[in-house]
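The structure appears below as structure tokens.
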Amino acid sequence: MPKQLTYVRGEMLAPKEPPLREAGVVKWLRENLFSGPLNTILTLLGLLATAWLLLHLVPWLMHSVWNAGSLGECRQIIAATWGEGATGACWAVVRERWPQYIFGFYPQDFALIARLSFADQYAAAGGYEGVFGAAVNGAVREAFIADLRANAGLFDLYVLGYWRPILAFVLMFVAIAPVLFTALPRKMIWFSLLYPALAFWLLWGGTVWLPVVALLGFAVMGAVFTLLKDQLGVPVSAGLGLVAAVLWWLFAQAPVTAGLQSALPFGLASVDSDQFGGFLLSIVIGVTAISASLPMGILLALGRRSDMLLVRTLSVGFIEFIRGVPLITLLFTASLLLQYFLPPGNNFDIILRVIILVTFFAAAYIAEVIRGGLAALPRGQYEAADALGLDYWQAQRLVVMPQALKISIPGIVSSFIGLFKDTTLVAFVGLMDPLKGITAVVRADIDWKGIYWEPYIFAGTLFFIICFGMSRYSMWLERKLKTDHR
Amino acid sequence: MSEQAIDRRKLQVSDEVAIQITNMNKWYGQFHVLRDVNMTVQRGERIVICGPSGSGKSTLIRCINRLEEHQAGQIIVDGTELTSDLKNIDKVRSEVGMVFQHFNLFPHLTILENCTLAPIWVRKVPKKEAEETAMHYLRKVKIPEQAHKYPGMLSGGQQQRVAIARSLCMKPRIMLFDEPTSALDPEMIKEVLDTMIELAEEGMTMLCVTHEMGFAQAVANRVVFMDQGQIVEQNEPGEFFRNPQSERTKLFLSQILGH
């Protein structure tokens, strides 16, 4: 008999639960750790290495000392408590020197502390003119400040004392929030646009009119662009707007600022760039370079794919040159070479110079990351945008970039994390970065000579927290933007 | 394949010229893709273009909205000649809708946003009005309930209907279809063809590259057969299928209708 060939299903099968997998810890262990002789040996070796590490690390951490004036005192305390030969961490150095790691040599606002918390003494000493006035003897001021330091609480010393960088830091979150989280009201973006000028004024001080007049340069650019856009098209009017803004900054900035300052004098005490240091410096350089390098990288990536020969050549040349040179070379260029090319007597701020070159460096890498994202987009997306009548910039902004940037998020964030960690390289041009610059200062102190792990662990931990935060944000963003359901 | 026959008498072809193609030539490098193509499309015409692969039929309709550039000859769409002048190109593109083989919906935007993007940015229509128009066309293609989903969550047939709605939102006077059903499962072809038939019934000028011969017979007023970059034969569909003149056409028809 041949096998029956016709078959008709009487009823459709209902879906069933999958068979319960055998679960349990033992099975997991066997599958993952002891699946064969080699794996078993590797597991045991791994356990031994971990045990050895913990054996040394745990006592060192358990014997931590938080209250001491010097490394010697730390060692005495450890020897006295845990016996001769015991090792222990001396976190007292962090407790004493953390303001330097955070703020570098940024001056504390003692005038504010005195006015708010020591009003009577301050009045008795003659107020601002009597203590901080130009005619006051330096020794008198030093004595007053030493007295303040001894009597002021932590809030006075650190929150009031460093109110300018702290306020700039807090406002930074307000400024970046609408960029990071699209659910927030779009109007907040106006504050984000004003924030750079505000932060500059808070951090460096000086007359308030300098950043205000600099912002007016952007208003000039916007005005020229809007007036000419319809006649000359987007690229030409944007270029002319930029030229107008540069002319404003070169020729109108100084006299207008001086005029406004003499009419309505208002400002904060100036702080020099040499006084910046620690994470304040890293964050100033890192955040500025990150926010400037993304738009620049986008333009370079588009330029590299442009049909216009000049634009393409310039973009390729820029990207290849910057990527081909170590960052330290660029930093030396910033600190030494640029000075030769600028007119004599021109004191172009060192932090600004470093920011510009770090931005260029990051932008070149980001441009290539974004170019990868652009290449991954199917041709049909460009064609659909064209066929609907969107012009080049609309198509880029509304269709191409949202998708290309989404694909590039991991690469872009890697570049950002790399950039932030690279800010420590400014140590080589004499700036006080948190890792080498400040630690060298701390270890040069006679009290803390010979301390090694603790300052680096502290600085490294802060770096890790910031970079890990960026990485988590990027993963969240990727999940949020995942709409393709592939 | 649609069984729905439409009443051709209702479909008036006007004397007004919608597209005029004169002696148009195009090369890809050394390869001569389109050779001396001449074609006049009246307003209200439904033209089906067919031919073997590589015959230049897709390239022809892609030239009409300048997704491809022609190197010699003339293309006049709605009175506007296509030259390298960007203003003319944008004008033609906003008047001519296009539906692609692979839908080309924007995956990062919802269905509704896909449909309102061009009206808002190109036509400068207020957002609310654009959304109302979009919902109108989504109802027309029978998927208003999907408006807030993303393209990736829809079936191929639904995506193609959204693509048609997206083009219609620009209120085009001419629609180009580049193999709109070739990437679809058989079960989904009908829903897309039905949408296209409905569009034809409303008098839309349509150029459609397709191998759906049932559609051609039911809807088209003219079938154009292309081979090796030239128009080999064109006729009204009844005559074209019953009584092909050229040997090349006979061979082609026997191959696609032979089984």
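Heads up, the Cβ atoms here are built off N, Cα and C, so glycines get one too.
Straight from TrEMBL, the features:
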type	residues	note
TRANSMEM	A:40-62	transmembrane segment
TRANSMEM	A:162-181	transmembrane segment
TRANSMEM	A:240-264	transmembrane segment
TRANSMEM	A:276-302	transmembrane segment
DOMAIN	A:279-474	domain 'ABC transmembrane type-1'
TRANSMEM	A:314-338	transmembrane segment
TRANSMEM	A:350-370	transmembrane segment
TRANSMEM	A:407-431	transmembrane segment
TRANSMEM	A:451-470	transmembrane segment
Long-range Cβ contacts under 8 Å made by the transmembrane segment (A:350-370), restricted to residues 6 or more beyond its ends, are 273-274, 276, 281, 284-285, 288-290, 292-294, 296-298, 300-301, 304, 315, 318-319, 322-323, 327, 330-331, 333-335, 338, 404-405, 408, 411-412, 414-416, 418-419, 422-423, 426, 429-431
Residues sitting near the transmembrane segment (A:451-470): Cβ under 8 Å, six or more positions beyond its termini, same chain? 71, 89-91, 93-94, 97-98, 101, 279, 413, 416-417, 420-421, 434-435, 438-439, 442-443
I need to check the long-range neighbours of the transmembrane segment (A:407-431): which residues 6 or more away from its ends have a CB within less than 8 Å of a CB in the stretch? 276-277, 281-282, 285-286, 289-290, 293-294, 297, 327-328, 331-332, 334-335, 350-351, 354, 358, 361-362, 365-366, 369-370, 372-373, 376-377, 437, 463, 466-467, 470-471, 473-474, 477-478, 481
Does the transmembrane segment (A:162-181) come near the transmembrane segment (A:314-338), with 3+ Cβ pairs under 8 Å (pairs 6 or more apart)? no
At a C-beta cut-off of under 8 Å, are there same-chain residues at least 6 beyond the transmembrane segment (A:314-338) that contact it? List them, or none. 300-301, 303-304, 306, 348, 350, 353-354, 356-358, 360-361, 363-365, 367-368, 422, 425-426, 428-430
